[in-house]
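**Student:** After the structure tokens below, expect a handful of questions from me.
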Amino acid sequence: MSIWELLLAFVVVVLMLVALLANVLVLLCFLYSADIRKQVPGLFILNLTFCNLLMAVSSMPLTLAGIIYKSQPAGDQVCHAVGFLETFLTTNSMLSMAALSIDRWIAVVFPLSYHSKMRYRDAALILSYTWLHSASFPIVAASLSWVGFHHLYASCTLYSKRPEDRTQFVIFTGVFHALSFLLSLVVLCFTYLKVLKVARFHCKRIDVITMQTLVLLVDIHPSVRERCLEEQRRRRQRATKKISTFIGTFILCFAPYVITRLVELSSVVHINAHWGIISKCLAYSKAVSDPFVYSLLRHQYKKTWKDMINKILKRSSINSSALAGESHNRNLPQLND
């Protein structure tokens with residue numbers, strides 16, 4: 001193996017381990033906190049977490065083996081199953097992010113009617129659509145034998161070996177990425193830009209009230225005035241940073257891989273094998289970033305996993321104290337003797 005292949009293998013191992021740990025932590029928070037389970041967005045996050053976990057235990061290990069052995073690492077049936085699952089999970093993840101953006105849009109733009117427009121039943125219907133949508137493309141690909149090991153990405157994915165199917169496969173690939181990546185991106189941009197517009201409007205109203213208050217409080221200390229103005233600036237930047245993170249991570253992780261898949265269909269452009277694997281690793285990195293972007297860095301999840309850690313540490317300290325006390329009691333008779 002070359003130094004590049006060793007480095008890429010190391011990156012896949014790191015992505016796989018971090019994705020497993022982070023998504024398992026999100027799942028534990030969901031099981032531990034009743035408040036998180038009551039929230040409708042929790043269903044979308046749970047679905048996204050399961051997609052990321054399955055990706056980490058199915059597609060990533062096979063890609064790692066493909067990088068190491070430079071060939072198909074498993075039998076045809078296993079490779080077809082993993083390729084089918086990878087196509088389904090990738091599409092499902094994209095649509096789950098779009099569903100989360102729709103939920104935020106309704107919550108921010110229509111706050112008074114949110115609970116009537118986004119109920120558990122509505123969330124379940126949206127998830128049912130994402131599953132049907134995500135399953136339709138790999139079913140068609142599997143029925144036409146368009147799933148297999150692709151050396152450019154060192155993974156089992158959509159792939160057609162028959163030259164006579166080239167035109168149909170090009171059309172299928174274009175439609176697939178248009179109705180998965182492009183559709184999700186359009187929904188993300190539309191909903192989050194609407195959310196940003198409302199957030200900026202509310203920030204302006206709060207800024208006006210704050211400035212009026214500062215003008216009335218003529219005796220206010222300059223340091224307090226400066227803190228108020230600094231909080232204004234942070235408030236204006238907070239929504240922009242969050243929305244930029246949601247859309248930016250989606251584009252950064254998925255766009256290079258999707259563009260590479262589309263360019264690959266052209267026989268004019270030659271794609272370096274290392275770049276193919278790098279674009280695949282970028283797509284895998286979404287399974288790593290999702291737990292932090294959508295869950296673990298939010299206040300409710302941070303409080304939940306901190307409570308879990310404190311409970312575990314408290315229990316272990318109580319057990320150690322009990323063992324120490326029991327050992328001390330056992331030694332007392334020996335001292336008396």
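Every residue gets a Cβ built from N, Cα and C, even glycine.
According to TrEMBL, the protein has these features:
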{"type": "DOMAIN", "residues": "22-294", "note": "domain 'G-protein coupled receptors family 1 profile'"}
{"type": "TRANSMEM", "residues": "6-32", "note": "transmembrane segment"}
{"type": "TRANSMEM", "residues": "44-68", "note": "transmembrane segment"}
{"type": "TRANSMEM", "residues": "94-114", "note": "transmembrane segment"}
{"type": "TRANSMEM", "residues": "126-149", "note": "transmembrane segment"}
{"type": "TRANSMEM", "residues": "169-195", "note": "transmembrane segment"}
{"type": "TRANSMEM", "residues": "243-259", "note": "transmembrane segment"}
**Student:** Per the definition of 3+ C-beta pairs under 8 A with sequence separation of 6 or more, do the transmembrane segment (243-259) and the transmembrane segment (94-114) touch?
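**Tutor:** In contact, yes.
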**Student:** What average pLDDT does the predicted model assign to the domain 'G-protein coupled receptors family 1 profile' (22-294)?
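**Tutor:** Per the prediction, mean pLDDT sits at 87 for the domain 'G-protein coupled receptors family 1 profile' (22-294).
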